[in-house]
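A.B. asks: As annotated by TrEMBL, active site, proton donor/acceptor applies to Tyr465. As annotated by TrEMBL, FAD binding site applies to Pro133, Phe134, Gly135, Gly136, Gly137, Thr138, Ser139, Glu266, Gly267, Ala268, Leu269, Gly270, Val271, Ile272. Annotation source TrEMBL lists substrate binding site at Arg404. The annotation domain 'FAD-binding PCMH-type' is assigned in TrEMBL to 101-282. For Arg317, the entry in TrEMBL reads site 'Important for enzyme activity'.
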Amino acid sequence: MSESIDHTLRGSWTPSGAGAAPLSAHAVRWLRQRTGLGEQLTPAVPPSLIEIPEDVLPQAAHAELVALVGAENVLTEPGQRLGRAGGLSYSDLIRRRRGTGVTVPDAVVLPADPGQVQRVLELCVRHDLAVVPFGGGTSVVGGVDALRGDKVAAVTLDLARLDRLISVDPVSHVAVMQAGMRAPDAEALLAAHGFTLGHFPQSFERATIGGFAATRSAGQASSGYGRFESLVEGVRLATPAGEWQLGTAPASAAGPDLRHLAVGSEGALGVITEVALRVRPAPVHSRYEAVILDGWQSGSDAVRALAQSHALADVTRLSDRDETEVQVELSGGMQARVLWALLRARRVHEPCMLVLGWDAATRRELDDRRDATWRVLRRFRPVRLGDKVGESWKANRFSGPRQRDTLLDYGVCVETLETATHWAGLSELRSAVRAALLRTLESEGKPPIVMCHLSHAYETGASLYFTVLAVRDQQDPLGQWQRAKQAATEAITERSPGRAMGRGTITHHHAVGTDHKPWLAGEVGPVGVRVLAAAKQAVDPTGILNPGKLVDGE
Ligand SMILES: Cc1cc2nc3c(=O)[nH]c(=O)nc-3n(C[C@H](O)[C@H](O)[C@H](O)COP(=O)(O)OP(=O)(O)OC[C@H]3O[C@@H](n4cnc5c(N)ncnc54)[C@H](O)[C@@H]3O)c2cc1C
């Protein structure tokens, strides 16, 4: 996290782009050998060559917005609009790197507080403008695409100015934050009160509190701290039907928990302006270690045993053999040679790395928690790599997006997808998705690398996170990934006579957006879709909120 993040950068994660995480000569050689990657580099076109359509915001609407939030907070310059155009998936980055097909909003509006958000929505209803709530813009499912739907123009509502810590209740351990606060700022402000949220997704440097709540995000330490929705005590939303405030107690039997209509609502049911969050005392001690387990089945059995005996570390992340190999090879030739020799000597056939990280208030608590984990793990015959590898994983835990910038320059198709299921079906789900990705990405005899890790474990099941590295189809890079994604999602959702539901969920934490919307009805059923549509009708009768995402109006 050495570089400061400018979230309006839409073509790379940091200003240095590929320079932020250069690949070693060994890594490039290994990648070329393994995937058949060519020598040609594929740099992005300069922003000046990106096609930006004229804005179609009506003058009267523009004037009223200016009167409401101030001229400096209504952005209509092409570069400013481009700075909030779309999310940060592989397809988003490819569109911007090639300069075509980018969905650019007609205006960007930055309200100052919840009251202004409410009034902006009322104004947009009057002028029939689509509103796209925008936090950190890190969506990877099309969630912040500036789609207009059947509206007159698309306004992106950037919540960056709602960045205050409203209150900390040190007795109840509840903090109230405005939605536009970025995760690093939230952690820094909480640390001053001795607390942490413990929410560390890989997008930590850019993403916001409101974005986490709107997408039911899961972080790297969610096995210990819980997914974001389990941290939410209350939510304040602006909706076209009026303000909506939810959550007065830690638990309640006052009908269905409506907080969960707001959490995961992806900007389609309201704009989250404040979130009350459960916070924990900041840890004083922490330790990260890594071990190698022999085989995916043995590894996932070990994580299941940890989950079911309540001995999970806060970070519990199992990589399959391909991901272990890529992690080791990309980290350097010397380390790779030493590790492979060690594992050969220990007769490990299918090395799967398990990273474990514990946080604790006292040395004693840390030791007790580690002991509990190791008591369960021991019977799976782990090869201990020690804390150096574990701490190095921790130090590089946010480097993935920087490495992606580099791989994009080398002409790699690099993308991820995720799902979850019960333990009984986990290996079958992994095999089915892997096979679908390998089949669709294999082209001209150039084998893709399909990696998988399990990073969120529950008593009843776990998530699977796939990453692919393949030689990019330069003629049709978007089609290449869309075909792979389609095949993988069909493998996830496929039903069989013996299985009434699909093999897993269409998304464990990336949310629905535009990308998973075609499969949502299959997951929640036609009644579920009508319930969602009825909720939308109640809060957003004219359908201005985030058209094309999650749910359509009735
Ligand atoms: C490199 C990378 C790594 C990632 N790693 C993870 C990970 O480890 N775990 C994980 O869960 N996700 C991950 N993601 C996905 C993404 O970061 C999450 O979905 C995150 O929660 C989005 O937060 P954001 O503030 O960027 O929201 P945005 O991308 O701005 O918005 C996401 C969705 O929420 C809506 N929204 C945003 N703010 C509000 C609001 N205040 N009110 C109502 N709706 C709102 C938007 O309209 C959109 O539909 C990753 C993404 C990238 C690019």
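All residue numbers here begin at 1 and follow the chain in the order shown.
Backbone N, Cα and C define each Cβ position, glycine as well.
Note that TrEMBL annotation is computational and uncurated.
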A.B. asks: So if I take the recorded positions (Leu269, Arg317, Arg404, Tyr465) and measure from each Cβ to the nearest atom of ligand 1, which come out below 6 Å?
C.D. replies: none
A.B. asks: List only the single closest residue to Gly135 (FAD binding site), chosen from the recorded positions Arg317, Arg404, Tyr465 by CA-CA distance.
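C.D. replies: Out of the listed candidates, the nearest Cα belongs to Arg404.
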A.B. asks: How long is the line from the C-alpha of Leu269 (FAD binding site) to the C-alpha of Arg317 (site 'Important for enzyme activity'), rounded to the nearest angstrom?
C.D. replies: 33
A.B. asks: Need one number for the FAD-binding residues Pro133, Phe134, Gly135, Gly136, Gly137, Thr138, Ser139, Glu266, Gly267, Ala268, Leu269, Gly270, Val271, Ile272: the maximum pairwise CA distance in Å, whole number please.
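C.D. replies: Taking every pair among Pro133, Phe134, Gly135, Gly136, Gly137, Thr138, Ser139, Glu266, Gly267, Ala268, Leu269, Gly270, Val271, Ile272, the longest Cα gap is 19 Å.
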A.B. asks: Whole-number Å only: compute the distance from the Cα of Gly137 (FAD binding site) to the Cα of Arg404 (substrate binding site).
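C.D. replies: Checking the Cα atoms of Gly137 (FAD binding site) and Arg404 (substrate binding site) gives a distance of 17 Å.
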A.B. asks: Need one number: mean pLDDT over the domain 'FAD-binding PCMH-type' (101-282).
C.D. replies: 97
A.B. asks: Tell me, how many other CB atoms lie within 10 A of the CB of Gly267 (FAD binding site), whichever protein chain they belong to?
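C.D. replies: The answer is 25.
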A.B. asks: Taking only same-chain residues 6+ apart in sequence, whose CB is under 8 Å from that of Tyr465 (active site, proton donor/acceptor), what do you get?
C.D. replies: Thr416, Leu417, Glu418, Cys452, His453, Leu454, Ser455, His508
A.B. asks: What does the structure give for the C-alpha distance between Gly267 (FAD binding site) and Arg404 (substrate binding site)? Integer Å is fine.
C.D. replies: 27
A.B. asks: Judged by the number of other CB atoms within 10 angstroms, which among Gly135, Gly137 is the least packed of the binding-site residues?
C.D. replies: Gly137
A.B. asks: In the structure shown, which of the binding-site residues Leu269, Val271 has the fewest Cβ neighbours within 10 Å?
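C.D. replies: So among Leu269, Val271, the binding-site residues given, the one with the fewest Cβ atoms within 10 Å is Leu269.
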A.B. asks: If I take the Cα of Arg404 (substrate binding site) as reference, which of the recorded positions Pro133, Ser139, Val271, Arg317 has the closest Cα?
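C.D. replies: The smallest Cα gap between Arg404 (substrate binding site) and any of the recorded positions is with Ser139.
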A.B. asks: If you run the three-state DSSP split on Arg404 (substrate binding site), which class comes out?
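C.D. replies: Reduced to three states, the DSSP call for Arg404 (substrate binding site) is helix.
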